[in-house]
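For reference, the structure is listed below as structure tokens.
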Amino acid sequence: MSSKTFRGGVHPKKYKELAEHIAFEYFPAPDEIILPLSQHLGKEAKPLIKKGDEVILGQLVAQADGFISAPIHSSVNGKVLSIGKEVTPLGFPKDSIVIKASENSVDKRFTFPPLDPETITPDEIRQRVAEAGIVGQGGAAFPTYVKLSPPEDKVIDVVIINGCECEPYLTRDYRLMIERPDDLISGLKLIMKTLGVKRGVIGIEDNKPEAIKILSHKVEYEEGIEVVSLKTKYPQGAEKMLIKAVTGKEVPPGKLPMDVGAVIQNIGTAIAIHDAVVKGEPLTRAALTVSGLGIRQPKNLYVPVGTPIQNIIEFCGGVTEDAVKIIVGGPMMGIAQYNLQAPVMKATSGILVLTKKEVTESEETPCLRCGQCVDACPLNLMPTKLARYTQLKRYEDAEGIGITVCMECGTCAFTCPANIPLVQWIRLGKQKVLQMQKERAEK
Ligand code: SF4
Ligand code: SF4
């Protein structure tokens with residue numbers, strides 16, 4: 001099978017061997033969970049409980065508030081301790097529900113009535129996905145039912161399952177593909193049914209031959225579903241790169257995948273859809289990888305949403321003496337943590353503990369004008385100019401050369417020999433430009 005790909009990108013060291021052979025394990029219920037009301041893109045959910053209330057696993061504790069929002073369910077049995085600002089892995093506090101877990105956490109639980117995937121209608125799937133609180137597991141945490149409800153004038157002809165997992169260290173998608181291939185295919189078929197699409201593609205990077213083999217075998221007799229092998233290159237899993245590699249189509253700047261007829265879903269999202277429809281389970285668990293040379297026992301875990309990072313690190317044997325940095329997410333796009341009480345959220349893909357060896361501290365020097373960042377940018381942007389305009393507060397100029405198009409993948413910063421923190425500058429400039437655009441629209 002020949003592998004497809006896109007222009008640009010980089011090849012960071014993978015470190016996948018640390019956790020790729022380790023089967024998923026269930027993390028036991030923690031003593032306390034912290035559930036941020038905003039674990040998704042869009043408006044935060046509205047609490048339905050108050051301090052002192054008893055709740056059970058799977059119970060709806062906060063309802064979606066608006067079209068782009070998602071409900072939140074308790075991931076333990078217990079008692080509500082408080083509702084207020086709590087630390088999050090995003091680096092700033094958010095309104096959250098804190099629940100003290102009771103000891104018999106697995107005895108009682110709420111589930112929806114299971115539905116038959118053969119006879120279920122597209123609207124019933126959408127409704128179940130919405131009420132189960134499913135959000136994209138690939139990072140941005142966009143409410144999934146919104147993605148499954150494209151405007152009528154958009155014709156969708158392909159559903160692509162993102163099996164690239166191109167960030168170093170992370171192995172949860174790989175493990176899910178080889179441990180739960182049938183559930184993944186069931187989820188994909190439900191997505192295809194919802195959108196009325198006849199073609200489904202599972203795109204997998206070619207450094208995961210076992211996943212390609214298992215899934216290719218499983219889809220042999222599935223009509224309209226194929227497995228496509230993609231070149232191992234970061235950021236192959238970015239939506240626009242994936243569409244380009246699989247269909248050859250380019251998503252124009254400012255447009256969405258659905259504008260070129262594609263809907264992308266992550267591996268974990270497809271499995272969550274299967275679990276919600278077929279088993280009636282609301283989304284209360286995050287599947288994640290704990291890895292890095294700084295963690296004593298790397299693992300792939302199903303963790304109750306809301307579990308503090310500290311508990312997970314202890315469950316994995318603690319950190320080594322030379323551990324220097326903890327990141328939530330992958331090393332390219334993840335966020336460094338300063339408070340280990342921050343909880344796992346619905347879309348948390350990994351917790352990495354890195355040692356000095358993996359984190360090269362290097363001093364920033366002036367730009368060499370070498371153009372390496374421009375060559376590497378998969379979106380043909382000029383990272384060096386975007387960063388410079390931000391530094392000079394020339395936000396309109398930054399807007400003019402497409403700062404809002406940047407997907408913050410970190411490829412440019414990875415290549416920069418001058419160690420300029422390009423993504424941080426671009427992220428800052430992008431926020432300013434988006435604010436400017438919002439103010440313009442309100443005038
Ligand atoms: S972070 Fe933005 S500018 Fe840098 S390579 Fe990625 S898309 Fe291009
Ligand atoms: S890679 Fe770094 S040094 Fe080279 S042009 Fe881009 S910002 Fe400047």
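Cβ atoms are placed via backbone N, Cα and C, with glycine included.
Annotation for CYS373 ([4Fe-4S] cluster 1 binding site): spatial neighbours PRO383, THR384, CYS412, ALA413, THR415, CYS416, LEU422, criterion Cβ-Cβ under 8 Å with sequence separation of six or more. What TrEMBL lists as [4Fe-4S] cluster 1 binding site is CYS367, CYS370, CYS373, CYS416.
As annotated by TrEMBL, [4Fe-4S] cluster 2 binding site applies to CYS377, CYS406, CYS409, CYS412.
For 357-387 (among others), the entry in TrEMBL reads domain '4Fe-4S ferredoxin-type'. In the predicted model, the domain '4Fe-4S ferredoxin-type' (357-387) shows an average pLDDT of 91.
Per TrEMBL, the feature domain '4Fe-4S ferredoxin-type' maps to 397-426 (among others).
Of the chain residues outside the [4Fe-4S] cluster 2 site list CYS377, CYS406, CYS409, CYS412, CYS373, ALA376, PRO378, LEU379, LEU381, PRO383, MET407, GLU408, GLY410, THR411, LEU422, VAL423, ILE426 have their Cβ within 8 Å of the site's Cβ mean position. For the pair CYS377 ([4Fe-4S] cluster 2 binding site) and CYS367 ([4Fe-4S] cluster 1 binding site), the C-alpha distance works out to 16 angstrom. Taking each of the binding-site residues CYS409, CYS412 in turn and counting other Cβ atoms within 10 Å of its Cβ gives the largest count for CYS412. Long-range Cβ contacts of CYS367 ([4Fe-4S] cluster 1 binding site) within its own chain (separation 6+, distance under 8 Å): THR384, ARG388, ALA418, ILE420. Report note: the [4Fe-4S] cluster 1 site is defined by CYS367, CYS370, CYS373, CYS416, and the residues of the same chain whose CB lies within 8 Å of the CB centroid of those residues, excluding them, are LEU368, ARG369, GLY371, GLN372, PRO383, THR384, CYS412, THR415, PRO417, ALA418, ILE420, LEU422. Cα to Cα, CYS409 ([4Fe-4S] cluster 2 binding site) and CYS370 ([4Fe-4S] cluster 1 binding site) are separated by 20 Å.
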